[in-house]
Amino acid sequence: MSEYIRNQILGIADNFKALASMAGDIEQVARICTDTLKAGNKIMFCGNGGSAADSQHLAAELVGRYKLNRPAMNALALTVDTSILTAVGNDYGYETVFSRQLEGVGRPGDLLVGLSTSGNSRNIVLAMELARRMGVRTVALTGRGGGEMKEVAEFCIAVPSDATNNIQEMHIAVGHLVCELVEREIYGG
């Protein structure tokens, strides 16, 4: 079992070495997030399953703090209100749970960040299509080459893996780097 654990950890390290080649893309996402917040707009996150949890995690880093003690930043996860999710899912279909919320709270200049390991989550694709029509910017965090989200998002980081768990690990690493860069750019440090 120790050998298996060692090999898994080395595989994770290899994934992160490959992710390092995407530093410029990560910097671009941080710039988009920083510009959004500096303009007085908000960042909205969405995802399904583990990516829903990651969406909440990243919104919390911005509203709470990542490393710096500073004022709250305007961010939210569209994955947290069970009454909205179940009402919209029941009445309109699960594929609309994010786009319906975006229609209500999104404003031109806001940013929608969609997380999906496959890049093909229909509810996120539909939300991104609506976002573009509304003047809401879009960033996709995916794996597996980007999927359909790569085609509809303004900017896509497709992390270099096809394994769901490894994609999610890299999404959190990318998200943490973005949070740190945004904090530093807006509040110094």
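Note: Cβ is positioned from N, Cα and C throughout, glycine not excepted.
Feature list (source: Swiss-Prot):
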- 33-189: domain 'SIS' (DOMAIN)
- ASN48, GLY49, GLY50, GLU61, ASN90, ASP91, SER116, THR117, SER118, SER121, GLN168: substrate binding site (BINDING)
- HIS57, GLU61, GLN168, HIS176: Zn(2+) binding site (BINDING)
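Locations of recorded Swiss-Prot features on the structure.
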residue : record                 : DSSP (3 states)
ASN48   : substrate binding site : coil
HIS57   : Zn(2+) binding site    : helix
ASN90   : substrate binding site : helix
SER116  : substrate binding site : coil
GLN168  : substrate binding site : helix
HIS176  : Zn(2+) binding site    : helix
Report task. Out of the binding-site residues HIS57, GLU61, HIS176, give me the one sitting nearest to ASN90 (substrate binding site) by CA distance. Result -> HIS57
Query - Long-range Cβ environment of HIS57 (Zn(2+) binding site), under 8 Å and at least 6 residues apart - result: ILE172, GLY175
Query raised in the report: On the 0 to 100 scale, where does the mean pLDDT of the domain 'SIS' (33-189) fall?
Result: 98
Report summary line: Across every protein chain in view, the count of C-beta atoms other than its own within 10 A of the C-beta of GLN168 (substrate binding site) is 22
Query raised in the report: Rounded to an integer, what is the Cα-Cα distance in Å between HIS176 (Zn(2+) binding site) and GLN168 (substrate binding site)?
Result: 12
**Report entry** Residues close to Zn(2+) site centre defined by HIS57, GLU61, GLN168, HIS176, Cβ within 8 Å
**Finding:** ASP54, LEU58, HIS171, ILE172, ALA173, GLY175, CYS179
Query raised in the report: What is the number of other Cβ atoms found within 10 Å of the Cβ of ASN90 (substrate binding site)?
Result: 9
**Report entry** Inter-residue Cα distance where the pair is GLU61 (Zn(2+) binding site) and SER118 (substrate binding site), in Å
**Finding:** 24
Report task. Can you grab the distance from GLN168 (substrate binding site) over to GLU61 (Zn(2+) binding site)? Cα atoms, rounded to a whole Å. Result -> 17
Query raised in the report: Cα of GLY50 (substrate binding site) to Cα of GLU61 (Zn(2+) binding site): how many Å, rounded?
Result: 17
**Report entry** For the binding-site residues ASN48, SER116, SER118, the one whose C-beta sees the most other C-beta atoms within 10 angstroms
**Finding:** SER116
Report task. With an 8 Å cut-off on Cβ-Cβ distance and a minimum sequence separation of at least 6, pull the same-chain contacts of GLU61 (Zn(2+) binding site), or say none. Result -> GLY175, HIS176, CYS179
**Report entry** For substrate: widest Cα to Cα gap among ASN48, GLY49, GLY50, GLU61, ASN90, ASP91, SER116, THR117, SER118, SER121, GLN168 in Å
**Finding:** 32
Query raised in the report: Counting every protein chain present, what is the number of Cβ atoms, excluding its own, within 10 Å of the Cβ of GLY50 (substrate binding site)?
Result: 16
